[in-house]
């Protein structure tokens, strides 16, 4: 995602240009017995009140000011939050300061790291955005029983992968270069190394968290253990992670092998049959080093102008000889095109289509998305989905950039983790679906086109869920559209939901964190 110039924006409001609080200076109004109400307070007043309380170098950006457009830029523009002001903290303690002042004035606050929230629920927000883009420091902590690193809350995948790789380490991150680490981690966090090391959340050791009232606490298995449980799986509802300690691992694998296949539609059933065999028909036996395979349907003009192709790419943590032995069934199917190669781990995202500069990571469009999770591909359902896909984009060319993604990660270490140890739901689901109807801004602004895209998504989700009739619908919370039942995001176990709600009431009794797939 395009970054903005902090130096350019700093001219609007920085501590260097604001007086420090000291004896003889008028006390800010939030120390008054009767502070200003939300309706009385202008954005300019908020800036004047907040500025002196922040660290030197922190930045406040107002509407129309230098850097404003970049500061509020998001990956998904279907349902945007309404931002009154942007605060860019220079140190972690600035976050608690912002939260306390926002609470004092009754102004909602929302954290942005890389701006990849997909859920429509953030469209309900209007208030102050806390921008984590300057809090990206990574500090390696060698030690026993496991080596680890501290990551500030703004750390993101490509940055972390490259930093650790250059120093001889790897860790679990998401599979797209451009997303933050902790955002996905609060919902579990799938990634290419999860077969070896588990989800992002499985690797957490400590979190520094700012609570809804602005207090800062250390959270781990023994300090605030109930919050620790909830932050792993439902953390978006419970606090702001300003920094976190996570396990890292010695870099033992020099190169990853990738192999992409493009098939014509007549191979669809054979492809999904081979995938089910490859994944052990849902028994968790996916080869542990085949970190991720992902694919789906889209228009490839080099193959057909009118029929979507079936495209798949595999990423293997090891040499080509080992990977190709596993991929031989897919090569036998007679792809229309294929490509393979070997890259160091920092290059595998680009090789698999999820790199920083590739279309999947570019901001500015609207994304109407749905998701599902199950264990075995239903080829009949996938054929129905393909036919729906073909009919819909033929009738509505504005939807031609839509993609139906299917993600199959290795799950060995994920399966070994105790499901009762965290709030992560549906740990036993092996396959992760994601449909994205991508619209240009002009098309998204047309209510008729947007309505068609949403109906397209609802039909896709229904086909996927009906294709797994023995399972209750499951929603990966990080991919949720926001209209799904609560149980489908956080689990159907009544005791777990009750526990989550109790934690929510304890740590956020006034509902400050309610803009990301809220549990209450």
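The backbone N, Cα and C atoms fix where each Cβ goes, and this holds for glycine too.
The signal peptide feature in Swiss-Prot is assigned to 1-23. The N-linked glycosylation site annotation in Swiss-Prot covers 77, 220, 378, 390 and is backed by sequence analysis. For 79-251, the entry in Swiss-Prot reads domain 'FAD-binding PCMH-type', with the evidence type sequence analysis.
Mean pLDDT, taken over the domain 'FAD-binding PCMH-type' (79-251), works out to 97 on the 0 to 100 scale. Here residue 390 (N-linked glycosylation site) is positioned 49 angstrom away from residue 220 (N-linked glycosylation site), judged by their C-alpha atoms. For residue 77 (N-linked glycosylation site) paired with residue 390 (N-linked glycosylation site), the C-alpha to C-alpha distance reads 25 Å.
In three-state terms derived from DSSP, residue 390 (N-linked glycosylation site) belongs to a helical segment. The local packing around residue 390 (N-linked glycosylation site), expressed as other Cβ atoms within 10 Å of its Cβ over all shown chains, amounts to 16. Residues within less than 8 Å, Cβ to Cβ, of residue 378 (N-linked glycosylation site) and separated from it by at least 6 positions along the same chain comprise 467, 468.
Residue 220 (N-linked glycosylation site) carries neither a helix nor a strand DSSP state and counts as coil.
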